[in-house]
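Asks: I'd like to ask you about the structure that follows.
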Amino acid sequence: MDLYSVTLEGPAPWGFRLQGGKDFNMPLTVSRLTPGGKAAQQNVGVGDWVVSIDGVNAEGLTHVEAQNKIKACTDRLSLTLSR
Amino acid sequence: MTHIETSVIYNDQEYDQYEYMVQEEEWDRDLLLDPAWEKQQRKTFTAWCNSHLRKAGTQIENIEEDFRNGLKLMLLLEVISGERLPKPDRGKMRFHKIANVNKALDFIASKGVKLVSIGAEEIVDGNVKMTLGMIWTIILRFAIQDISVEETSAKEGLLLWCQRKTAPYRNVNVQNFHVSWKDGLAFCALIHRHRPDLIDYSKLNKDDPLGNLNLALEIAEKHLDIPKMLDAEDIVNTPKPDERAIMTYVSCFYHAFAGAEQAETAANRICKVLGVNQENEKLMEEYERLASQLLEWIRRTIPWLENRTPEKTMVSMQQKLEDFRDYRRMHKPPKVQEKCQLEINFNTLQTKLRISNRPAFMPSEGKMVSDIASAWQNLEQAEKGYEEWLLNEIRRLERLEHLAEKFRQKASIHESWAQDKEKILSRKDYESASLTEVRALLRKHEAFESDLAAHQDRVEQIAAIAQELNELDYHAVAEVNERCQRICDLWDKLGTMTQKRREALERTEKLLETIDQLFLEFAKRAAPFNNWMEGAMEDLQDMFIVHTVEEIQSLISAHEQFKATLPEADSERQAILGIQNEIQKISHSYNIVLSLTNPYSTIKSEGISAKWDKVKQLVPQRDQALQEELARQHSNERLRRQFAAQANVIGPWIQKKMEEIAHSSIEMSGTLEDQMTQLKQYEHVIVNYKPNIDKLEGDHQLIQESLIFDNKHTNYTMEHIRVGWELLLTTIARTMNEIETQILTRDAKGISQEQMNEFRASFNHFDRKKKGGMETDDFRACLISMGYDLGEVEFARIMTLVDPNGSGIVSFQSFIDFMTRETADTDTAEQVIASFRILAGDKPYILAEELRRELPPEQAQYCITRMPAYTGPGKAPGALDYSSFSTALYGESDL
C-alpha cells in the first residue's frame, strides 16, 4: 500500500468515476478512468483508494459528501490516493 | 808626745783603728797644746769616773791625783767591768801604788787593750796627760768599744747610733763628735728620742745652744742619772769641742738609752719569746680545739653515715641522697679544710717549736694526728659505705616501687575485667532462652572460658609480683597481700561459677534440643497431616458438579475410600498430639520457661483437633450430599434420555427437509412457480411440525433447569435443533424469496426460463462445492467461460459489485444481478437522472416545490433533505442537484 498525491489542473471533468462511501460501507475508490482524461494523464489507477480530497481526509465521508467536495474544487483538484 | 796605739781585737773581728787613731793622734797633737780641751776632758772624764765610782760609794775630785795610788783605779775597773781584780796592795809606798796601778793596767791589758807608752809610773806620778789618756783608754774600752750598732762598733758604731736616733730631727745633723754637738740640739734630740716626756723639743731653738746644752745636761743629770760631764759654756765657746769628752758624754747617753733599749729589746725578746710561747700555746689550744671540734663532728657524723634505717619511699630516700650530696658538697669541704688546716697548724706549730728550740708539741690523748687521721679514715669509709647503701637502697626502692606500681596496675586491670564477670556468670538468662539463644550463650561462654584461661597467667603474674614484694620487704606489703588475696579468691570463685554455668548451659541446651527435635517431629508430621485434613475438608466440602451418574458414583466411591483412611489418620493425629504433650511435659518438669511456640510450624495442636472434628463432622454431610446428588443424576439421566429420544427424531427430520429444499432449488425442475408451490408445501409441513419443536424446547428447559449441560444420548443439542429449525424456516423463506426474486427479476429483466436455467446450470457447474454460492475463483472461471475476459482490476471491480460484503461467496442472486446488469442496456443512474430531469422540466436542477408536487410527500422530503445544493451554471435559489444525488444513490459518480 503506497500513498501518492496528484494535483489535477481544472476545470472539471477530471476523468474518473468515484465509487463507494461510508453509506455504502465501501471505501471511496476509482472504479473507472476516462481514457486520456486528466486523471489518467496523472497516472491515477483504477481501483485506487481515495485517501484525501483537497487535503481533507476522505475516510468517513458519504458518497454525496465526497462527490460534493470534489465538485467544490474548480481550478485545481488535489488528491491523495493509495494503490 | 805619746803615741797611743791601740788595737782592739774583737773576737773574730779585727779592724784596724789605725786611721782613727791617726786622726786621734792628730787631734791629740793639736789639742795637746790646748788647755781648753784638757779642761774639758778633765771635767768630762772626772764626771764619768764618778758616775761609776758612785756605785762603789766613792768619788774623785781630781782626776790626776785621785788615781795616783791606783786604788780608785782598780775600784773603777771593778765597777765598770763587774769583775774582781786582784787584791790591791794596801800600802802607801810608791811601789805599792805602782803595783796597784799595774794591776789595773794589767787588767786593762787582759781585756785586750794594748797600752802603749802608758806606764804605771806616770800615773803614780800624776801625769795629767797620761792619766787622761789612760782614762780615755778605759772609757774607750769599756764604754765605747762595746757599742755595737748593726755590726758597726766603737766610735763608728756610736756615731751611727747617734745618727740613727737623731735622724727624725731635721735640725740635727751628727757627723762627728765635736762641732755637731755644739748647738746642743743633738743632745736634746737624743733625750727626746728616748724620753719625749722629759723634753719639749719643739720649743728648742738652734740659736740658743747654751740653753739647749744646759737643758740637756740638766735633764740628763736629773732623770737619766748622767752627771754633767760637760760645761755648756765651754762647748759653746770652743770652736771645736773636745771629741773625747763629747764621745764620753754621748756614750753615757748610749749606755743609758741603749741599756733601756737593751732592756727594751730584752723585754721584747722575752715578750717575743713569750709571745711565741703564747702563740704556740694558742696554736696548741687552737689545735686542740679544732681537733676536738673536728673529732666531735666526725663522731657526730659517723653515726649518721652508719645509719641504715631504710626509708619507705624512694622520694625520702632520694632526699637522703640529696642530704648526703649536700653533706659532700657543702658540709664536708669546710671540714676537709679544717682538717687540712689542722695539719698545717700542727706542722707549723711543730716547725715553730723546733725553730724556737722548744720541745715538739704532743697533742692530748685522742687528739693526736694519728687519731684524727684514723677518725677521718673511718669517716670516709663510713661515707663510702653510706653512699653505697644509699644507692642500693634507692635501687631497691625503685625496684619496689616499680613492682608495686606494676602490681597495682595489673591488679586494677584485672579487677576491672573481673568486676562484672561475677554478675554475668550468675545470670540465669538461659532459663528463658530459646535453643539458638542457648547455643549462642554456650559459644559466648566458650569464648569467656578461653578469655578466663588467658587471664590465668595474668593472675599468676600478679601473685608472683606480690610474692616478690613480700620477699623484698615492701613497706605497704600488707595491703598488697590483701588485694592479692581478694583477687585470688575472686578468681577461684569465677572458676567455679564458670564451670557451673557451663554445666547449666549444656544441660539446658540438651533439653532444648530434645524439645526442638520434638518440635521438628511435630512439624514434620503435623504439616502433612494438616494439609491432608485441609485437603480432606476441602474435598468434603467440595462443590461438585457432576453431570453423569458415573461421576457421582465415582465420587461416592472416592468418599468411601476416604472414609476408610480415617482410622489411620486418627492414629496419626493422636501421635502428633502425643508429641505436643511430650514437649509440654519436658518443659514443665525441667522448668523451662520458654514460649512453646514451635519454630518449625505454626500449626497448633488445638488447630489440629479442631480440624479433625470438623472433618469428622463433614463426612456424614458429604455422604448425604453425595446421595442426593446421585438421585439427582439419575433423574437427569432420565431427562436426557427423554430429550435425546426426541432430538434424535427431530434433528434428522430437519436435516432431511433442508436437503430437500436445497435440492429443489438447485434442481431447477419445473418453473419457478412450481418451485414456489413446492416450497409452500414444505413450509406448511414445517409449520405443522412446530409443536414438536416446542415440546423439545420444554424438555430442554427442564434439562437446563436441572443444569444438564450435555447429553451423550444425542448429538443434537437444543441449539442445533433450534438453529436447524430456524435455518429451515429461513431457508424455506429465503428460498421462497429467492424464487420470488427470480420471478421478479425474470419478470423485470425479461429473462426467459431458459436463460434462467442456463444461468442456473452454469452457476451450479461453477458452484463446485455445491453450497449455493460461488467462490471467487469459481466466479472468475464462470465469467471466463461466458466469454468475459477480465483483467485483474476489472474483475476486482466486479467482485465488489457482486460481493459487496466481501464474503467471498457469490450468491446466485447476485450472479443473476450481475449477469442481467451486464446485459442490460440502460444505466440505472442515468434513468433516475432522466426521470428527475423530466420532473424538473429539463432544468439541470430541481426545486423543492417541484419535488413536493410530483412525489409523495415522504419521498419528496427524502430528496429535499438529501439533495445537495446545485452549484452548476444558471443556478437559482433553492436549486437542488438531482444528478449527484442520483449517482450517489448507486454509489458511483462520474467526475
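Positions of Cβ are set from backbone N, Cα and C atoms, glycine also.
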Asks: Of the ranges B:123-157, B:158-192, B:228-262, B:438-472, which one does TrEMBL list as coiled coil?
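Replies: Per TrEMBL, the stretch marked coiled coil is B:438-472.
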Asks: According to TrEMBL, coiled coil applies to one of these ranges: B:273-300, B:721-748, B:861-888. Which one is it?
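Replies: In TrEMBL, the coiled coil feature sits at B:273-300.
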Asks: With a Cβ cut-off under 8 Å, give me the same-chain residues at least six positions beyond the ends of the domain 'EF-hand' (B:790-825) that come close to it.
Replies: 738, 741-742, 745, 749, 751, 756, 759-760, 763, 771-776, 778-780, 782-784
Asks: What are the helix, strand and coil residue counts for the domain 'Calponin-homology (CH)' (B:39-143) according to DSSP?
Replies: 72 helix, 1 strand, 32 coil
Asks: How does the domain 'Calponin-homology (CH)' (B:152-258) divide up by DSSP, counting helix, then strand, then coil residues?
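Replies: Each residue of the domain 'Calponin-homology (CH)' (B:152-258) counted once, the result is 66 helix, 2 strand, 39 coil.
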Asks: Which value does the mean pLDDT take for the coiled coil (B:438-472) in this predicted structure?
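Replies: Mean per-residue confidence for the coiled coil (B:438-472): 89 out of 100.
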